[in-house]
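Enquirer: Dropping the structure in here first, questions after.
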């Protein structure tokens, strides 16, 4: 990728809006922008804003507010100019065309963030957090990404790296001076490796919880056919997402719907009604329903209050479960003793849905991020590389127990540092960078 040219792109989403932003970055950002602006951008101080007119070939394009950020005190570390013009498509696209005509190049997806990384303004972990911030669809995903962007994850990785480097330096001294009788069983390198292992293990153990928080808590609606599972899904999400009929066995596959409740993300899963059947398609749907129940973090067991009480599967007693007595608008549910919460609802009238939402909110509040700086891994790339670090550190630690040569232990530590380099970006390949930043939007 060329790093000595100047790039431009629209930085705001397409469509109607009050303001659109065109971003320019590179060594000629100021001179190129100056040629299409009525003011004197070349003479403006850094971090100042100026109102003027954007024109090209003697044709006025729009009135715009220009922001000037000079290198190295900018997001990319280069000279940056931003044009804030009227929203919509035409004004910003014509400004981009004018900038291209004056010598700028159209930016690639994520190229502004990539330049920030290459110029040392952010590390790769922080760069990836930018995309996570943009893609966050619930408050927990946003907070996890915000913590990562603020550098909390990077600081933990840096601590691991420092401990490994300290251990490696000590071991290399032992390798260089084998004649010295230095006891290593309880030595500094072993303790440093154990400290690094502890931090690595803590990060790895946060992955499942981080995934749950970012992607949403999975809750299955399960029960007999025609109990009202699909109707309750539609009522909660206020969408006609699931097909509803009076024919038993209408739902024959897993249907998943993301639903944000008070900023928290849930994955509501509608499933096939559980019953004995000879229909091969329905039988497969029931098998998938049971699998979904086994993997879900919670179950809404839906019962038609007007029908005989069905047998409760064992799994209801093994997971957080709420018993939903549906059709309470036409019949009062029976009084039974069960070890989980019971709520009377009506998918038809909406009765009881507020109580159900409040119960679900309590489930979701089990893990509260709040303003905490707790680190959660959510990236599969980060998890894979940290797992490699953990494996190498474990091998190095075992090397002490097995009295392996110091050179072997040092080799494991160097491999751990290599994985950390790939994680932070200090040793990452150009192909990996291309893959990561290609997922970004143009203009970011």
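Using the three backbone atoms N, Cα and C, a Cβ is placed for every residue, glycine included.
Per Swiss-Prot, (6S)-5-formyl-5,6,7,8-tetrahydrofolate binding site is recorded for 23, 82, 121, 444. According to Swiss-Prot, the feature domain 'TrmE-type G' maps to 216-365. Feature annotation from Swiss-Prot assigns K(+) binding site to 226, 245, 247, 250; the stated evidence is sequence analysis. Residues or ranges marked as GTP binding site by Swiss-Prot on the basis of sequence analysis: 226-231, 245-251, 270-273. If you look up Swiss-Prot, you'll see 230, 251 marked as Mg(2+) binding site, on the strength of sequence analysis.
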Enquirer: So among 82, 121, 444, all listed as binding-site residues, which is physically nearest to residue 230 (Mg(2+) binding site)? Use the C-alpha atoms.
Expert: 444
Enquirer: Here are some binding-site residues: 23, 121, 229, 444. Which one has the most Cβ atoms within 10 Å of its Cβ?
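Expert: Per the Cβ count within 10 Å, the most buried is 229.
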Enquirer: Roughly how many angstrom lie between the C-alpha atoms of residue 272 (GTP binding site) and residue 226 (K(+) binding site)?
Expert: 10
Enquirer: Looking at the domain 'TrmE-type G' (216-365) alone, can you tell me the average pLDDT?
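Expert: On average, pLDDT over the domain 'TrmE-type G' (216-365) sits at 83.
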Enquirer: Over the span of the domain 'TrmE-type G' (216-365), count residues by DSSP class, listing helix, strand and coil in order.
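Expert: The domain 'TrmE-type G' (216-365) comes out at 41 helix, 38 strand, 71 coil.
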Enquirer: Rank aside, I only need the closest one: which of the binding-site residues 23, 82, 121, 444 has its C-alpha nearest to that of residue 226 (K(+) binding site)?
Expert: 444
Enquirer: Counting across all protein chains present, how many other Cβ atoms fall within 10 Å of the Cβ of residue 82 ((6S)-5-formyl-5,6,7,8-tetrahydrofolate binding site)?
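Expert: Its Cβ shell of radius 10 Å holds 21 other Cβ atoms.
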Enquirer: Using only the residues recorded as binding (6S)-5-formyl-5,6,7,8-tetrahydrofolate (23, 82, 121, 444), report the maximum Cα-Cα distance in Å, whole number please.
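Expert: With 23, 82, 121, 444 as the binding residues for (6S)-5-formyl-5,6,7,8-tetrahydrofolate, the largest Cα distance is 18 Å.
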Enquirer: Which state, by DSSP, holds residue 444 ((6S)-5-formyl-5,6,7,8-tetrahydrofolate binding site): helix, strand or coil?
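Expert: SS state of residue 444 ((6S)-5-formyl-5,6,7,8-tetrahydrofolate binding site) = coil.
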Enquirer: Calculate the distance in Å between the alpha carbons (Cα) of residue 82 ((6S)-5-formyl-5,6,7,8-tetrahydrofolate binding site) and residue 229 (GTP binding site), and round it to a whole number.
Expert: 51
Enquirer: For residue 272 (GTP binding site), what is the tally of other C-beta atoms lying within 10 angstroms of its C-beta?
Expert: 27
